[in-house]
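Engineer: The structure is given below, and queries will be raised subsequently.
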Amino acid sequence: MPEPTKKEENEVPTPAPPPEEPSKEKEARTTPAKEWSLGESPAGEEQDKQNANSQVSVLFVEKPQGGTVKVGENITFIAKVKAEDLLRKPTVKWFKGKWMDLASKAGKHLQLKETFERQTRMYTFEMQIIKAKENYAGNYRCEVTYKDKFDTCSFDLEVHESTGTTPSIDIRSAFKRREVKQQEEEPEVDVWELLKNANPSEYEKIAFQYGITDLRGMLKRLKRMRRVEKKSAAFAKILDPAYQVDKGGRVRFVVELADPKLEVKWFKNGQEIRPSTKYIFEHKGCQRIMFINNCQMTDDSEYYVTAGDEKCSTELFVREPPIMVTKQLEDTTAYCGERVELECEVSEDDANVKWFKNGEEIIPGPKSRYRIRVEGKKHILVIEGATKADSAEYSAMTTGGQSSCKLSVDLKPLKILTPLTDQTVNLGKEICLKCEISENITGKWTKNGLPVQESDRLKVVHKGRIHKLVIANALTEDEGDYVFAPDAYSVTLPAKVHVIDPPKIILDGLDADNTVTVIAGSKLRLEIPISGEPPPKAIWSRADKAIMEGSGRIRAESYPDSSTLVIDVAERDDSGVYHINLKNEAGEAHASIKIKVVDLPDPPVAPNVTEVGDDWCIMNWEPPAYDGGSPILGYFIERKKKQSSRWMRLNFDLCKETTFEPKKMIEGVAYEVRIFAVNAIGISKPSMPSKPFVPLAVTSPPTLLAVDSVTDTTVTMKWRPPDQIGAAGLDGYVLEYCFEGKPPKIRIPRHLKQTYIRRVGEAVNLVIPFQGKPRPELTWKKDGADIDKNQINIRNSETDTIIFIRKAERSHSGKYDLQVKVEKFTESASIDIQIVDRPGPPQTVKIEDVWGENVALSWTPPKDDGNAAITGYTIQKADKKSMEWFTVIEHYHRTNATITELVIGNEYYFRVFSENMCGLSEDATMTKESAVIAKDGKIYKNPVYEDFDFSEAPMFTQPLVNTYAIAGYNATLNCSVRGNPKPKITWMKNKVAIVDDPRYRMFSNQGVCTLEIRKPSPYDGGTYCCKAVNDLGTVEIECKLEVKVIYQGVNTPGQPVFLEGQQQLLHNKDF
């Protein structure tokens, strides 16, 4: 068999086959079966072992081979798998013994490596053992899996301490040993018998006590041997079910043949054993004996012997020597918070040592303060941050003894590194009381002797040796004496907190300009709310003159939460600016208040009468010099006859103007008028009367005008006097004359006397009547030029003229002049026609400024106004994300605007439409850049919603129930659990967690937890526990499982019952 590759420091020697001795091989083949020789095994043995291990391989191209290594050296085992027929990488596992998966043991002394060569399409898997130790010796196994294909290979590793060669043994002395009385190599305590008679729940304890490292493999092999052997024709006495030997000891296997001529062969793990210094064979009558010298962990395996076509098997268990405590634990004293290390030494490296506290086993974990550190033979128990609760008796237990010590943890002398300090804090600010002590311990805070309760505003912080009391938004009730008392110490740290508040003047009840209006003659009591801690002192002043508190007409009054200015009888001279000043130890505050005393207005001056009629007149006047401090709302007018003293009001609704037209007066009678001014306070005194005036009427026209006589050069006219002459009398007549004939006259319709407006595309049809005899001549011109009759149709008749445009265009706009001529008389008229259309968009739109939730825009009017005045603008906004436009302002007349109430955090574009009498422009002008409403200007506080707390500690909703199972048939245990966060499920048997055990399958679906036990045996009976753990707690539930075994129709729980003549063997469970 070729040697496995050994990896030394920076050197990888190539494997070389050992030398073969043909003479010995020939001698081995020709020597009879009774004449076994001692010494090294012949080369044929190596070939047979290789053939035994080289069965038809499904996946392996090269299998790992057994090897030998010295203590402290490296060795590498190599397995190769061809990837030509594989779609993905196969799964490879390395085992020691039967079930110990080495993937979890990779680290300082074991490394697993895998590579892939693309050219040869070959997977190479390596297992390297670094600095080998004696306990690394044993049987190893390599398994490869790909889909439904499976391949496995086992190999042995031997670890030697010395580098010397194996001494030669005299074959004659070896035969002499047969004459010596055979002594049993069994230990004083037979672990086999202990396990056979013990309760399955005590297997782990027995394995730890007697140094059984592969308990699962041992029980697995014992179970295979427990089957009932048929009566053998070849063997008179078969091998015992199992043998046990200490490491380094010697074991003896004996079988007795029914026929001594039968050839006997011994096998280990399927490989034939050849005589050597380690394996010695003896023939003694019908007995066939095999001795195994210097038993190592690699010898722990299955052995069988064949005689003819029959064979019998046994198991050899090699037990390691007990681990002894070579250095005892020492009593230790420590202070709270310190790191404590309890150290002991044992006789072997990396030995299994259990630690106990007051008799209870210490199980370290990620959340535990206990850690166990192993440094070769040293085993150290580390306690982080020791407390008084850690004072106890600690012990370390090995398979060969134990050691105990006492740990005493006391408090350290406490030192105050940073004491609390008195604080003076403004109202609404944060209060932070901070102290530092020499130890990392907890403590309690009190205020005025009462415990401090944490809240959303008050937080207690403990970080290491620093303790803080933080109060957000200080209130006046937070003022007091605070004390911090460390736990377990009689020391206290006091501090005083004084809360102050700068003075504030609250003017919310006043106008925007802080103006107070009072009617003259009334009493003013102006109460201004104030705040501050301690209460501030208020001082009122006017024109740098202080207003004192007392009993004067103008005085100040002070109260704890307000200050009052009192004016008993307000006068016009009391108007002005008053100042209020507040002061306390936290600061000062100042405010100005304008007091306005209003009164009745002064009377207006005497009115003037500028024009008179028959029963009316027109009068005007000037406003009063003093309006009483309030705007003039209007006027009342009164009149009276000059000789009378009774005034009569002419209007009952206020006259807003300073002119008025009295009516219904008597012609020829002298009158006087006067004025009253009115403001919000009342009516003023009357003005002085106007100068007397007399209404006079205009005469009516003369009547019965007729021609009396006519000469060549004269005409005599007659008429009668007017019917109404009036009180002013008749002064004379005025005569006028004209030539004979009917001059032309144009009668422009009323709707054409102003600009005639039509939209583009509409029809224009205007009819203008006229008079004149004889038939007049008509001439039309547009803007001083002749009209193009191809575009505008003109139709004339004797009484009217028509201008018709079928489809108006903007070029038809202008001034149209009509001239009507009769002989030498001429009449002219003009018509303005305006053809309008929609305007164009504004030329440019700019974002002038962005602040808070507001954006300032400006734009320039459009170049094309559509031949009509721009009546307004329409402004729209759009969010950059959606670009959906929404109207913000309509019919806006200016060329700049401020857009408000925009959403913080959004980005906006804006566009503007022009508008005239025809409507909005077809297009709009959009801003080139966007406006970002930043969040810095105003902090938006999202509403706080309390999230529903779905967290829940684990709780079993369906418990485990006691279950009976039949051996050889799968059994399941079911329960249901709920919890949030989802709990982690752990299954345990007899308080031992089930981890990586192929006999068990665990499922968890929608809270239903299932443990499936494959083909259970009586050993699988016991107490099973399901443990659920999350951040909020831990819960466990247990049940008992009893496995019944049926033999020959007999149903018995627990141990199976065999028929007479059969052995009772212990059933075992796979680990």
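FYI, residue positions are counted from 1 along the chain as it appears here.
In case you wondered, yes, glycine gets a Cβ from its N, Cα and C as well.
In case it helps, TrEMBL gives these features for our protein:
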type	residues	note
COMPBIAS	1-10	compositional bias 'Basic and acidic residues'
DOMAIN	321-408	domain 'Ig-like'
DOMAIN	413-482	domain 'Ig-like'
DOMAIN	503-596	domain 'Ig-like'
DOMAIN	603-702	domain 'Fibronectin type-III'
DOMAIN	744-832	domain 'Ig-like'
DOMAIN	841-936	domain 'Fibronectin type-III'
DOMAIN	954-1042	domain 'Ig-like'
REGION	1-52	region 'Disordered'
Engineer: What is the three-state DSSP composition of the domain 'Ig-like' (744-832), stated as helix, strand and coil residue counts?
Structural biologist: 6 helix, 52 strand, 31 coil
Engineer: Would you mind splitting the domain 'Fibronectin type-III' (603-702) into helix, strand and coil residue counts from DSSP?
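Structural biologist: Across the domain 'Fibronectin type-III' (603-702), the residues distribute as 0 helix, 35 strand, 65 coil.
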Engineer: Can you give the mean pLDDT for the domain 'Ig-like' (954-1042), rounded to a whole number?
Structural biologist: 91
Engineer: Give me the DSSP three-state residue breakdown of the domain 'Ig-like' (321-408), ordered helix, strand, coil.
Structural biologist: 3 helix, 47 strand, 38 coil
Engineer: Among 321-408, 413-482, 503-596, 603-702, 744-832, point out the range having the most Cβ pairs under 8 angstroms from the domain 'Fibronectin type-III' (841-936).
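Structural biologist: Between the candidates 321-408, 413-482, 503-596, 603-702, 744-832, the best contact partner of the domain 'Fibronectin type-III' (841-936) is 744-832.
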Engineer: Going by DSSP, how much of the domain 'Ig-like' (413-482) is helix, how much is strand and how much is coil, in residues?
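Structural biologist: Here the numbers are 3 helix, 36 strand, 31 coil.
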